[in-house]
């Protein structure tokens with residue numbers, strides 16, 4: 001396979017804080033990834049000097065995390081690794097304060113979650129206990145539309161590669177993920193040691209009893225032995241090129257001699273020079289003169305591309321971060337007067353009732369929204385109503401809520417445009433709830449500004 005032919009996929013790694021996520025992820029990146037030998041040697045030397053030699057894979061990841069948290073934008077290639085079939089990007093590993101927010105507003109939707117579970121006595125039980133973080137992360141992944149899952153049973157060396165322990169854990173984990181919403185038949189369960197490397201890239205000789213994993217896919221049965229093969233067996237995502245254009249703006253630049261250049265990531269549809277786009281909720285329509293990525297002109301931009309595009313006769317004052325660009329002739333975006341959403345309260349110290357007005361982070365928009373009405377309390381797993389018009393909801397509850405943005409904002413139903421249909425509720429400097437938008441009441445805005453070039457282009 002040529003280098004260019006590989007599909008890009010995104011994975012998110014979840015699991016309890018001591019499950020060995022960093023070591024396992026570090027190992028994959030280390031062995032098949034974008035870290036050059038020089039950097040590895042430097043890290044190894046530092047780790048040895050600090051007496052952390054045994055910790056080298058996690059150390060690699062810790063170095064990357066520390067640099068990222070200090071705001072040094074390290075080369076993102078460091079979070080990538082290759083399998084025979086895919087280029088894999090690790091979006092984020094939890095434990096990071098903003099993990100939940102990143103997962104929701106994150107630049108990318110994960111195609112698959114890798115759940116790492118520690119096999120050690122007591123460790124496994126702690127990881128999936130009632131209040132376990134693991135449960136929260138798995139539920140979040142499922143709620144946010146990450147429908148594929150791989151389970152890696154880590155630290156098998158601490159159980160002397162016990163087959164009974166492995167089978168006991170699988171039985172429990174199957175029940176656990178079923179409660180979350182996943183179908184265990186479609187999940188690969190792999191016994192590994194992220195630290196020693198067993199069953200990571202090569203089949204281990206330590207578990208002769210292990211015959212390999214198998215899972216059902218749309219195409220039939222898939223089998224394999226290693227974690228790498230399980231990642232390779234992820235079903236390739238369908239990128240939404242056929243949907244109408246949605247491009248949330250990250251920034252708008254004014255570039256001398258060129259003019260106004262909005263920048264953002266195409267979430268759905270395609271963007272081509274000559275197209276007439278509408279920005280919502282600003283309600284400005286204009287023609288796209290050129291599209292570029294990494295300083296190269298593109299004939300068209302597709303979902304996943306971070307592009308800059310030059311628009312005619314629009315000032316930097318007209319459009320801003322959080323606006324969404326779409327095709328003026330194909331379901332153009334519009335501001336939302338109100339919307340209903342399924343909201344899950346994660347950690348709020350008190351009760352949440354009508355009138356609560358926290359800030360919502362949805363795609364690139366960051367806007368206060370009022371919980372206007374709690375319509376019904378629902379069972380998180382089934383989505384069925386358990387109480388009509390509750391007075392309050394608290395941590396752990398899920399409800400259907402009618403929300404009203406404090407100023408115009410552009411959102412969409414999750415089923416139509418997933419990245420514009422999920423949000424994080426931020427309050428007290430943390431994510432207190434997450435939501436998935438069910439329906440949007442689009443404000444019928446008065447006719448907006450249409451530039452001359454757009455009017456001309458429309459006549460063509």
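Every residue, even glycine, has its Cβ placed from backbone N, Cα and C.
Swiss-Prot lists 2 with the feature N,N,N-trimethylglycine, giving similarity to another entry as the kind of evidence.
Taken from Swiss-Prot, the feature N6-methyllysine applies to 3 (among others), supported by similarity to another entry.
According to Swiss-Prot, the feature N6,N6-dimethyllysine maps to 3 (among others), an assignment based on similarity to another entry.
Per Swiss-Prot, the feature domain 'tr-type G' maps to 6-241.
The Cβ of residue 18 (GTP binding site) has 118, 123 as same-chain neighbours under 8 Å, each 6 or more residues away in sequence. When secondary structure is read from DSSP and collapsed to three states, residue 18 (GTP binding site) falls in the coil class. According to Swiss-Prot, the GTP binding site annotation covers 15-22, 92-96, 154-157.
According to Swiss-Prot, the feature region 'G1' maps to 15-22, an assignment based on similarity to another entry.
A simple way to gauge crowding: the CB of residue 31 (N6-methyllysine) has 15 other CB atoms within 10 angstroms, across all the protein chains here. Residues annotated as N6-methyllysine in Swiss-Prot: 31 (among others).
Residues or ranges marked as region 'G2' in Swiss-Prot: 71-75.
Annotation note: residue 80 (N6,N6,N6-trimethyllysine) sits in a strand segment as assigned by DSSP. The N6,N6,N6-trimethyllysine annotation in Swiss-Prot covers 80.
Marked as region 'G3' by Swiss-Prot: 92-95.
Taken from Swiss-Prot, the feature region 'G4' applies to 154-157. Mean pLDDT of the predicted structure over the region 'G4' (154-157): 92.
Around residue 317 (N6-methyllysine), taking its Cβ as the centre, 10 other Cβ atoms fall within 10 Å, counting all chains. DSSP assigns residue 317 (N6-methyllysine) to coil, not to a helix or a strand. Taken from Swiss-Prot, the feature N6-methyllysine covers 317 (among others), and the record attributes it to similarity to another entry.
Annotated N6,N6-dimethyllysine per Swiss-Prot: 317 (among others), in sequence order, evidence recorded as similarity to another entry.
The Cβ neighbour count for residue 391 (N6-methyllysine), using a 10 Å radius and every protein chain shown, is 10. Annotated N6-methyllysine per Swiss-Prot: 391 (among others), in sequence order.
Shown are the recorded positions 21, 80; of these, the residue with the fewest other Cβ atoms within 10 Å is 80. Among the binding-site residues listed (15, 21, 156), 21 has its Cα nearest to the Cα of residue 31 (N6-methyllysine).
Applying DSSP to the region 'G4' (154-157) sorts its residues as follows: 2 helix, 1 strand, 1 coil. All protein chains considered, the CB of residue 156 (GTP binding site) has 29 other CB atoms within 10 Å.
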